[in-house]
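Please read through the structure below; I'll follow up with questions.
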Amino acid sequence: MSAHVATLHPEPPFALCGPRGTLIARGVRTRYCDVRAAQAALRSGTAPILLGALPFDVSRPAALMVPDGVLRARKLPDWPTGPLPKVRVAAALPPPADYLTRIGRARDLLAAFDGPLHKVVLARAVQLTADAPLDARVLLRRLVVADPTAYGYLVDLTSAGNDDTGAALVGASPELLVARSGNRVMCKPFAGSAPRAADPKLDAANAAALASSAKNRHEHQLVVDTMRVALEPLCEDLTIPAQPQLNRTAAVWHLCTAITGRLRNISTTAIDLALALHPTPAVGGVPTKAATELIAELEGDRGFYAGAVGWCDGRGDGHWVVSIRCAQLSADRRAALAHAGGGIVAESDPDDELEETTTKFATILTALGVEQ
């Protein structure tokens, strides 16, 4: 926990917008890198609202804060919309051939007769450089304009300290991790995807193929089943549709399932729920421990990619989204790191999985003006 650190950038410390409105932080009163300390402040009333980002590995420092105040609005302010500086891909991390090798390693483990692993999400990254400092507000507005149904977000990561000081996470996630309003709980997990196409007939064919894909439906069901197990001790009257729905963004078709329920104990807060669910198999795997251990071995620290971004107020209400389709901007805003991943099961084709990550990169790279 530390005092507010001033920044030269005119960006807010936090913004989250979506179909139900926008929440923007004004200033920072207190910062927390320790999730448990932040939860304690919320429960004691010291923190009237808590907001920020959770890393993929919650044993790592978080980027949570208590703001001086918040602005709630229907949409984002009229932030700058001018052009961004030229952005280029400096490196692929790892190179595509190495990513294919990682998938092959995962498939061997998944196919093992007595192996514990059923699914693992493997990601790759691209390192980006800009000719001049990037404005995170411009990037966020571009993302939201491109997909108004997504959850656009911007988080100052200074609370996490060290290399994250001054950095910012900016993205537009299609995936709601969890929302709490009173005793009502809602989750909308995503797993299974296919690319969009400019030709309407091909686009419809891609959607239909996804909906009927045994591999993608299996991958999706693993996510839903795991979330059911996590939610049952916390919620009653769980409603989980038997079949997933199709959801589309500008670049990707997804399978998704809307899950609803009622809290068994009203003292369970939105951040409690987020921590109980994270990381879901949509970004980690099944079982969680085996999958996250393999991810750590093959990828190293993911940082805030595939974590969660959101807020929780003193009543326990809040929204948390999965931090995908994003980039972490460096403190000087002249560099960025973007990730994309895909769910690997025994039936996965490595080339298809590589192509899936390329498709998923499109959201953030298009907003940055990167030629693909």
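Backbone N, Cα and C atoms are what each Cβ position is placed from, and that goes for glycine too.
Not my notes, these are from Swiss-Prot:
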type	residues	note
ACT_SITE	Lys119	active site, proton acceptor
ACT_SITE	Glu175	active site, proton donor
BINDING	Glu219, Glu356	Mg(2+) binding site
Give me the CA-CA distance between the residue listed as 'active site, proton donor' and Glu219 (Mg(2+) binding site), in Å, as a whole number.
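With distance taken Cα to Cα, Glu219 (Mg(2+) binding site) is 16 Å from the residue listed as 'active site, proton donor'.
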Using the alpha carbons only, what distance in Å do you get between Glu219 (Mg(2+) binding site) and the residue listed as 'active site, proton acceptor' once rounded?
7
Tell me, by DSSP, whether Glu175 (active site, proton donor) is helix, strand or coil?
coil
Could you tally the C-beta atoms, other than its own, that fall within 10 angstroms of the C-beta of the residue listed as 'active site, proton donor'?
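The Cβ of the residue listed as 'active site, proton donor' has 23 Cβ neighbours within 10 Å.
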Going by DSSP, give the three-state secondary structure for the residue listed as 'active site, proton acceptor'.
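SS state of the residue listed as 'active site, proton acceptor' = strand.
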May I ask which residues of the same chain, at least 6 positions away in sequence, place their Cβ under 8 angstroms from the Cβ of Glu356 (Mg(2+) binding site)?
Ser193, Pro195, Ala340, Gly342
